[in-house]
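Worksheet for the structure shown next.
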Amino acid sequence: MNFLRRRLSDSSFVANLPNGYMPDLQRPESSSSSPASPATERRHPQPLAASFSSPGSSLFSSFSSAMKQTPQAPTGLMEPPTPVTPVVQRPRILLVIDDAHTDWSKYFHGKKVNGDIEIRVEQAEFSELNLAAYVTGGCMVDMQVVRNGTKIVRSFKPDFILVRQHAYSMALAEDYRSLVIGLQYGGLPAVNSLYSVYNFCSKPWVFSQLIKIFHSLGPEKFPLVEQTFFPNHKPMLTAPNFPVVIKLGHAHAGMGKIKVENQHDYQDITSVVAMAKTYATTEAFIDSKYDIRIQKIGSNYKAYMRTSISGNWKANTGSAMLEQVAMTERYRLWVDSCSEMFGGLDICAVKAVHSKNGRDYIIEVMDSSMPLIGEHVEEDKQLMADLVVSKMSQLLVPGASVPSPLRPWGPQTKSAKSPGQGQLGPLLGQPQPRPPPQGGPRQAQSPQPPRSRSPSQQRLSPQGQQPVSPQSGSPQQQRSPGSPQLSRASGGSSPNQASKPTASLSSHTRPPVQGRSTSQQGEEPQKTASPHPHLNKSQSLTNSLSTSDTSHRGTPSEDEAKAETIRNLRKSFASLFSD
């Protein structure tokens with residue numbers, strides 16, 4: 001290759017070139033979808049008047065351009081990245097499930113997902129919603145609400161959900177667990193997660209998670225109240241101690257809770273449980289001094305103390321005094337441990353009772369539907385809004401239709417099967433078959449199976465016949481994809497090597513391994529056969545470059561092909577410079 005570059009840059013070499021050789025190198029590449037036949041190549045000669053004005057540089061530039069264009073045939077599948085026009089992102093729809101007492105749109109006013117996507121807030125209660133969920137189509141929500149005496153009917157596909165309402169309550173005959181299932185069916189992200197919302201539809205089920213934490217941390221770090229569960233009224237015979245608190249089913253805000261002072265009242269309540277056809281729990285009554293509530297919203301913690309003024313055993317009934325207390329490490333451990341249940345709770349609260357004997361008892365944990373109390377209600381709502389925006393920015397990927405800039409642009413393997421590009425030859429990275437020797441007989445000692453002759457070798461046959469197959473007549477279809485690397489590697493040689501004779505080419509090639517005499521017998525028919533010497537010279541030059549490059553990718557078992565390639569290269573140059 002170094003010799004070829006030096007030889008082509010010599011001005012005296014161009015003067016001795018036969019007519020028709022330069023057009024073969026300068027002819028533009030034919031379309032990959034319709035390969036040119038040899039007759040077509042010979043039908044369109046090009047004038048060389050402009051080329052001889054600077055023979056050495058013109059020939060070298062034409063040859064370099066031909067070599068540069070070589071890998072574009074197999075890599076024609078690569079498409080340059082087109083400039084992406086800015087796409088206006090649609091606003092993300094946030095569905096807030098809460099009553100109408102709180103207008104959540106004002107807490108999300110001016111907030112954007114990832115700083116550039118608007119948030120549209122839709123607010124409704126569970127009773128005002130209906131939906132249809134699909135495997136691939138997501139979830140379509142139908143909303144019918146009444147605002148200021150006007151009925152609003154709207155259908156939309158939410159992107160995120162904030163649950164601020166209980167999905168199930170036996171006391172109010174409200175069961176919206178089917179809606180939670182539909183939202184989960186549609187794969188919608190939520191705060192808290194829909195998985196945890198569904199699990200919080202049963203208080204004994206949640207209490208079982210508290211029992212796990214109790215066994216993990218111990219009674220000193222996690223003082224859980226002693227409780228007994230009954231699936232129905234039949235096992236409810238008696239209680240070990242009185243008074244006891246009986247909780248029927250799943251209810252909120254103190255509903256379904258009864259204080260029983262003696263055995264007779266206990267038996268009466270058992271009959272009520274039988275009529276309710278539900279489960280029940282009993283726990284020892286704790287004479288409390290005050291109630292404790294520790295809430296967690298994201299990474300914000302608050303602790304409150306509530307003291308009954310009216311003297312009712314339920315602190316949420318009658319008059320009570322509420323004040324915020326210091327957040328201790330003990331309280332933080334409680335709420336952090338509870339926030340890990342059901343895959344994680346972004347919003348939760350732990351309720352405990354501080355008895356008059358100075359001991360604490362954890363009685364309940366609440367999720368995102370917890371009521372907000374204290375003087376910092378507005379701050380807590382703003383914290384919830386910030387938490388939702390943060391979760392939306394993490395979970396919702398904007399511009400999913402726009403390809404990522406980190407994705408490399410390259411050829412797609414599935415395009416290689418198209419019929420128009422199937423004639424481009426093997427793709428990059430795939431081994432190419434090596435051609436047999438030009439004009440010489442097959443070697444009998446070769447262990448390889450017989451291979452068919454390539455179209456370019458059919459034109460170089462001694463009989464000079466036309467090729468039978470019309471495929472691949474253009475030079476770029478015979479070149480190897482690795483030829484540009486070969487030309488760049490040879491470009492680093494010293495310029496003073498240009499004075500070496502032509503015979504020095506054989507010193508750069510590896511000696512043949514076997515079958516030398518067989519190939520020498522085919523040299524004479526090769527020199528005297530073809531009726532189109534100029535075309536054959538250009539094709540043999542291109543073919544030699546292709547075979548010399550593909551020999552670098554051969555395996556040790558193909559020494560015969562390497563030797564044939566070397567002989568083909570020598571014969572090509574011998575026929576090229578014979579004039």
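Every residue, even glycine, has its Cβ placed from backbone N, Cα and C.
Screening S418, S480 against Swiss-Prot annotations picks out S480 (annotated as phosphoserine). The candidates are S51, S58, S540; Swiss-Prot tags S540 with the feature phosphoserine. Of the candidates S446, S483, Swiss-Prot records phosphoserine for S483; the remaining residues carry no such annotation there, which does not rule it out for them.
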